[in-house]
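The S-palmitoyl cysteine annotation in Swiss-Prot covers Cys26, Cys29 and is backed by similarity to another entry. The annotation phosphotyrosine is assigned in Swiss-Prot to Tyr59, Tyr139, Tyr160, Tyr192. Among the features that Swiss-Prot reports, region 'Disordered' is placed at 171-203. Marked as topological domain 'Cytoplasmic' by Swiss-Prot: 28-203. Summarising the annotation, Swiss-Prot assigns transmembrane segment to 7-27 and lists sequence analysis as the type of evidence.
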Amino acid sequence: MSAELELLWPVSGLLLLLLGATAWLCVHCSRPGVKRNEKIYEQRNRQENAQSSAAAQTYSLARQVWPGPQMDTAPNKSFERKNKMLFSHLEGPESPRYQNFYKGSNQEPDAAYVDPIPTNYYNWGCFQKPSEDDDSNSYENVLVCKPSTPESGVEDFEDYQNSVSIHQWRESKRTMGAPMSLSGSPDEEPDYVNGDVAAAENI
């Protein structure tokens with residue numbers, strides 16, 4: 001065991017040194033990288049500032065050299081156009097709020113432009129009330145079959161799909177001798193009694 005312990009101490013010390021060296025390299029390498037990026041960023045900003053100030057100086061020098069009438073009026077026209085668009089609401093309420101804008105020298109409206117919905121679309125007037133004679137929207141009873149004249153005061157059920165079943169039921173009631181009401185309506189007949197259940201209870 002002592003031989004194993006003797007080998008374990010130097011190996012663990014070597015691993016510890018290797019780990020420390022790796023950590024030191026990581027810390028050391030990461031710092032200059034950040035500093036380098038910051039330096040590059042600062043250099044870029046300085047170059048951009050120098051270019052923009054040089055452009056401003058040449059522009060001001062160019063304006064001072066030619067004090068006569070302005071030769072290129074395109075920037076001024078675009079500036080006037082922007083002002084016109086921004087302050088078009090000050091012209092008056094009669095002027096339209098939306099306009100078709102034209103591209104360049106085409107003098108044709110842009111194909112992608114869609115005219116806005118007119119304001120009277122939302123300001124509907126009052127609906128006119130239909131005349132009293134017009135009953136096209138009213139409901140009415142519709143018969144499936146043509147009406148037939150009732151025979152001897154008995155209501156006819158020809159209009160229903162199950163009229164054959166109703167006739168058979170009436171005939172069965174007549175043959176059994178059950179009293180029919182004068183009107184023949186099912187509402188005035190006695191309640192249904194389950195005869196089979198009553199017969200089974202008596203047994």
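A Cβ is built for glycine as well, from the same backbone N, Cα and C atoms used for every other residue.
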For the transmembrane segment (7-27), sequence-distant contacts whose Cβ falls under 8 Å of one of its Cβ atoms, 6 or more beyond its ends: none
Listed in sequence order, residues with CB under 8 A of Cys29 (S-palmitoyl cysteine) and six or more positions away: none
DSSP-derived class (H/G/I helix, E/B strand, else coil) of Cys26 (S-palmitoyl cysteine): helix
Taken over the topological domain 'Cytoplasmic' (28-203), the model's mean pLDDT: 62
List of residues, in chain order, with Cβ under 8 A from that of Cys26 (S-palmitoyl cysteine) and at least 6 apart: none
